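K.L.:
Relevant sequence annotations retrieved from TrEMBL are reproduced here:
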type	residues	note
REPEAT	81-114	repeat 'WD'
REPEAT	124-165	repeat 'WD'
REPEAT	173-207	repeat 'WD'
REPEAT	279-299	repeat 'WD'
Amino acid sequence: VLVSRAMGKLQSKISFHSSKYRADGSVGETGTVRAAPRHGPAHTDTVTSVAALQPDLCVSGGDDKSVAVCSWRSGAALRRFLGHEREVTKVTSALDSTRVFSASRDKTVMMWELHGTGEPSQRFPGHDLVVTGLAVSPDASQLCTGSRDNSVCKWDTETGECLGRATISRNLVTHLCWVPGEPYIIQTSEDKTIRVWDSRELRVAHTFPAKRHIQTCCDVSQDGRLCLSSSSGSAGEGAEATLWDLRQTRSQVCEYKGHFQTTTSCVFLPWGPALAPSIATASCDSTVKVWDQDTAGRR
């Protein structure tokens, strides 16, 4: 009887809130808000990657082989680029740039101009397998790519010339990110390691202690002092994010544990005088968690 009463109260609360808030953006009798403008989807299949382009623009790539530029504010797709023969795996751009880069299962990377003709302004062929890592230098003059072929390549974005290639056995690249203001690139791998590459000579400058699970993603703090990596996992085993010090100590700072399945993405959140440093993680357990960067406590 007590369980029935409790369930009745819970259902009452649910139906109250369900009637108050609606999916179309309107609010029930307690008040009204202007409905958000509706736009068609940016892609016709799974969206595989998204990145900031400009303060009000983002770029995304999908299994429909396309790259789309959308407005954060309106949700409208402003440009769509077609040219890859297979699914797009990663997209990136130097912040505030007009150049967009996309990687694909067709083993190539392409560069697109936001205000260009719609054709790729540069192509970067050379990998033997799907391209799974993509990072552009802050000035957009150089590009670093990584693949499941165990290699990392550096490119001149103006000429398309390959400036270097390095191969490490079992180094199946999962993600790349460029350290702001530095010549260093962070790379995660299926071999459970996080490597720091010196882009000048395309050599490994440091390798952090191997984790217990595949490293799926990485990100670098705005000041370039810290980096994040995320782990695969299942049934509550693994699936953590790890904070690393990029300065002289180059050591593990802390871990963020709470996901029950693979953590697919990790990112430093913007912060300032009124905002404490925080990070966010996304997981196959259908959750996104926001953490206090310093204490690893959930917000």
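For all residues, glycine too, the Cβ spot is worked out from N, Cα and C.
Show me how these features fit into the structure around them.
P.N.:
Computed over the repeat 'WD' (81-114), the whole-number mean pLDDT of the model equals 95.
Within the same chain, residues 90, 132-138, 142, 144-148, 150-152, 154, 163-166, 213-220, 222-224, 227, 229-230, 244, 246, 250 sit at least 6 positions outside the repeat 'WD' (173-207) and bring their C-beta atoms closer than 8 Å to a C-beta of that stretch.
Residues of the repeat 'WD' (279-299) grouped by DSSP class, helix first, strand second and coil last, total 0 helix, 11 strand, 10 coil.
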K.L.:
Is the number of Cβ-Cβ pairs under 8 Å between the repeat 'WD' (124-165) and the repeat 'WD' (279-299) three or more, considering only pairs separated by 6 or more positions?
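P.N.:
Contact between the repeat 'WD' (279-299) and the repeat 'WD' (124-165): absent, because fewer than 3 Cβ pairs are under 8 Å.
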K.L.:
Same-chain Cβ contacts of the repeat 'WD' (81-114) under 8 Å, 6 or more residues past its ends?
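P.N.:
Distant contacts of the repeat 'WD' (81-114): 48-55, 57, 59-69, 120-125, 127-140, 143, 145, 147, 155, 157, 175.
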K.L.:
For the repeat 'WD' (124-165), give the DSSP counts of helix residues, strand residues and coil residues.
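P.N.:
Its residues divide into 0 helix, 23 strand, 19 coil.
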